[in-house]
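S.K.: Quick one: the structure is below, questions incoming.
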C-alpha cells in the first residue's frame, strides 16, 4: 500500500493548493452562520477546501470543507483515489482478525504486513510545533478562537473537528475520538460523547477506579490528515489510532507529552486544549442542527475545563458543519464505505458489496448484496451487519439483495424490493435495540427498533411457489442490433448516417 506522505496539515494544504483543491478566501467572512453558508454551497458543487484568512473579529484563519470530496478523503489517507481505500480496508480486516500462517511460505507472505504494524509505534518528541505558544490559567480564553456557529437556532459556537485524547485507568493505549464541544465559557466546553464511544468508556472506567478525581483530557485541533482520519476509521481495539495513522502515512506518528497531563497529542497539531473533567459536573448541551437535517433535543453531558491552550505560530483553526446530507461527514461516509467492504467480507465472504447511502444519514440504512447459498441466508447477514462492527449499532434498516443487483443503484434495489419481497414474510423487525439518541423518531431516547428487508430470490423452504425467471436478452440479437445500430439513425434527427 504505497502512501502519499504529509508531515502535517500544512503539508497537505500545500499539495491541495498545487492541485487546485484549496481556495484562499481573503474577503472578511463571519464565523457566525456565513462560513457555513459558503462551505455548504461549495461542498454541494464538489468544490475545493476553503481557507478563510480573515474571519470577522479574529486574527486566526479558519479551514473548512477539508474533506468535502471523496478524492480529498482518499488523499488524506495517503491514496490517489477512493478505489484505493479498499486496500486500506483489507489491511484493517487483516489486523482485526489475522489468520495464523498455513505454512512457511504463507508466513513469508504475511511477514510484510506484520512488519508494517510492528514498525509503527509513535515517535515521542521532547518539543513540538504544537507547543510554540502556551497560555494557561486566567489567560485561557476560547473566545479568541474563531469557533463557528453553524445554524440559526444553534445554542452556541461549536467545536466540530477536535480530536479528543483520553486514556482509561487500566489501559496503555490512548483513545482518539471526535466529539462535538459546545462553548459555554472562556475556559469551558461541553463534551458530547455517546456512552459507547471510546472517550466515554475511558471516563466511566476512570470514575469507577478514581472516585472524585479529575479526569485528564486533551483535544487536538488541526492534526495531520492521516491522524484525523484515523480517528473516524474502524481501527481494531488492539491498534492505536496513532499507529494506524502511521501505516497510512508510511512514517511513525510524532507525538508530544502535554504540558499539564501525561496524554500524548499529535506534535504537529495547530492547537491543543488541555484540561480535565470534574466528576459530576454536567451541563445541558444543544440544541444543534446535526447530520439528520434537524435540531437535536437538549441533553446533559460532562463539562471539559480547559487549563492550557498550546498552539503553533500562526495557527489555523480546522472546523466543519453538519446538516442534512450532503455535508462533510456524509462525504467521509461515502469514502469510508470502501474501507468497510473488505472488513465485512473478511467475516462474511458471501458479501459482494455493502453500501451506506449518504442520503440515509450515512449509517442509518445499509444495502448489502450477497451470493446467496441457502434459505434464511439474508437474515443471517442482517444480524451480522448489526452485530459485527459497532459502527453499525445504530443502522435502522438493512436491505439484503442478490448479487445481480447493484447495491449503489436505487433503480436496481427498488426493483428487487418490489419483485422479490413479501412484506409479511420477508421483513424482520427487532424491538428495543440501541438507537442514536439524536434519532427523535424512536419512541424512547436511545432505544428503538430495527428493520431488515430480505429482497433476495427465495429458495425452497422460503416459498412454496414457482419463482420467477428474470428476462434475459438473446445475445445473438443484441450483437446483430449493435452492428446495425448506426444505420438505424434513431437518434440522428431522422437523417441517414
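Glycine too: its Cβ is placed from the backbone N, Cα and C atoms.
Below are the features I grabbed from Swiss-Prot:
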- 290: active site, proton donor (ACT_SITE)
- 175, 241: Mn(2+) binding site (BINDING)
- 178, 179, 180, 192, 193, 194, 197, 198: prenylated FMN binding site (BINDING)
S.K.: Highest CB neighbour count within 10 A among the binding-site residues 178, 194?
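M.R.: Most Cβ neighbours within 10 Å: 178.
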S.K.: Rounded to whole angstrom, what's the largest C-alpha distance between any two of 178, 179, 180, 192, 193, 194, 197, 198, listed as binding prenylated FMN?
M.R.: 14
S.K.: Whole-number answer please: how many Å between the C-alpha atoms of residue 179 (prenylated FMN binding site) and residue 290 (active site, proton donor)?
M.R.: 12
S.K.: Rounded to the nearest Å, what's the C-alpha distance separating residue 194 (prenylated FMN binding site) and the residue listed as 'active site, proton donor'? Just drop the number here, would you?
M.R.: 15
S.K.: Could you tell me which three-state DSSP class residue 175 (Mn(2+) binding site) falls into?
M.R.: strand
S.K.: Please identify, among the binding-site residues 192, 193, 198, the one with the smallest Cα-Cα distance to residue 175 (Mn(2+) binding site).
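M.R.: The smallest Cα gap between residue 175 (Mn(2+) binding site) and any of the binding-site residues is with 198.
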S.K.: In Å, rounded, how far does the Cα of residue 180 (prenylated FMN binding site) sit from the Cα of residue 290 (active site, proton donor)?
M.R.: 10
S.K.: Inside 8 A of the center formed by the CB atoms of 178, 179, 180, 192, 193, 194, 197, 198, which other residues of the chain have their CB, for the recorded prenylated FMN site?
M.R.: 164, 177, 191, 199, 200
S.K.: Please report the Cα separation of residue 290 (active site, proton donor) and residue 193 (prenylated FMN binding site) in Å, rounded to an integer.
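M.R.: Here the two Cα atoms are 14 Å apart.
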S.K.: Measure from the Cα of residue 241 (Mn(2+) binding site) to the Cα of every one of the binding-site residues 178, 192, 193, then give the nearest.
M.R.: 178
